[in-house]
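Chemist: Got a structure for you, questions after.
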Amino acid sequence: MAQLFFRYGAMNSGKSIEILKVAHNYEEQNKSVIILTSGIDNRDGVGIVSSRIGLKREATPIFSDTNIYELVEATNPDAACVLIDESQFLERHHVIEAAKVVDDLNIPVMAFGLKNDFKNELFEGSKYLLLFANKIEEMKTICWFCRKKAIMNLRMNNGLPVYTGEQIQIGGNEAYYPVCRKHYFNPPIQEEIEKEG
């Protein structure tokens, strides 16, 4: 029976590479997949799933007016799986449409994304995935500054931590780091970051 999965993790926890791996495994068995990603994320171009280790793949971009259920039904209602990257950028209606893909088309949907933003608040997509998903799994990584598990995302600008501002900001001079709670509130100064990086 198909289910809606939400796999979340801090920055650098391997979410995008996991999507590429899952897609490869299905396709190696001649099973078709539909890969979706947020149209907001244009770091490597719109409609690209890109991992930090350099692997990339085209995907269908999701915009505010995209209906995920209709998109899947029109693209391939017999797909073996739907994979969604950057799912934190989904809106409530997208998550409900993804759940409908699971319930009405019996296609598993695996959504991958951040749970919380740099202010340590839930993204809209993450909030509704936490509410509607059948299975929720944390993808783990370690803090940029120590060996503890990273559970937060720290935004830095010119060597200083940023705790206010727009939730979604693609590009710019900001850098994001996966961090533990201690280093979220007390990050090392810029010189130490440069030594670590």
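Each Cβ is built from the backbone N, Cα and C atoms, and glycine gets one as well.
The active site, proton acceptor annotation in Swiss-Prot covers E86 and rests on sequence analysis. Swiss-Prot lists G9, A10, M11, N12, S13, G14, K15, S16, D85, E86, S87, Q88 with the feature ATP binding site, giving sequence analysis as the kind of evidence. According to Swiss-Prot, the Zn(2+) binding site annotation covers C143, C146, C180, H183.
Describe each of these features in terms of where it is and what it packs against.
Modeler: In this structure, E86 (active site, proton acceptor) belongs to neither helix nor strand by DSSP; it is coil.
Under DSSP, S13 (ATP binding site) is assigned to coil, being neither helix nor strand in the three-state scheme.
In sequence order, C180, K182, H183 make up the list of same-chain residues 6 or more apart from C146 (Zn(2+) binding site) whose Cβ falls under 8 Å from its Cβ.
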Chemist: At a 10 Å cut-off from the C-beta of C180 (Zn(2+) binding site), count the other C-beta atoms across all protein chains.
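Modeler: For C180 (Zn(2+) binding site), the count of other Cβ atoms within 10 Å is 20.
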Chemist: Quick one: give me the count of other CB atoms within 10 A of the CB of H183 (Zn(2+) binding site).
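Modeler: If we count other Cβ atoms within 10 Å of H183 (Zn(2+) binding site), we arrive at 20.
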Chemist: I'd like to confirm something. Which of the recorded positions, S13, D85, E86, has a Cα closest to the Cα of C143 (Zn(2+) binding site)?
Modeler: S13
Chemist: Whole number in angstrom, please: the longest C-alpha to C-alpha distance across G9, A10, M11, N12, S13, G14, K15, S16, D85, E86, S87, Q88 for ATP.
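Modeler: Pairwise Cα check on G9, A10, M11, N12, S13, G14, K15, S16, D85, E86, S87, Q88 gives a maximum of 15 Å.
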Chemist: Between M11 (ATP binding site) and E86 (active site, proton acceptor), what is the CA-CA distance rounded to a whole number of Å?
Modeler: 11
